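Taken from TrEMBL, the feature domain 'Glycerol-3-phosphate dehydrogenase NAD-dependent N-terminal' covers 8-90. According to TrEMBL, the feature region 'Disordered' maps to 90-116. The annotation compositional bias 'Low complexity' is assigned in TrEMBL to 100-116.
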Amino acid sequence: MTGSEGAVAVMGAGAWGTALAKVLADAGSAVTLWARRPEVAATINDTGYNADYLPGVQLPPGIRATDDAAAALEGATTVLLGVPAQTCAPTSSRGHRCWPRAPRWSASPRASSWAP
């Protein structure tokens, strides 16, 4: 998923979601990282770090964080779930309510994915 394939929304700003966002942004993708907690999104945007979940790792400028699921999904051509297994269903439901036609969903490279 390079920048030529469009914007990426990563749903979940914990350690896994933040790490995914970093790898994608390092590869040239425009990434919006959705955080459940507004203060996590604000810290990422203000400092370039997610000290709560990925301390000591500087995030590239290609990552924008938000606590608004609709804003995270706006313009995204790929959506990745970077949340704990027990929250995958509620997080993907939140996404589908915000964006009626998600082009591609994936929990991880080996997990099942959804595409219309």
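Yeah, the Cβs are placed from backbone N, Cα and C, and that goes for glycine too.
Using DSSP to sort the residues of the domain 'Glycerol-3-phosphate dehydrogenase NAD-dependent N-terminal' (8-90) gives these counts of helix, strand and coil: 33 helix, 25 strand, 25 coil. For the domain 'Glycerol-3-phosphate dehydrogenase NAD-dependent N-terminal' (8-90), the model gives a mean pLDDT of 92.
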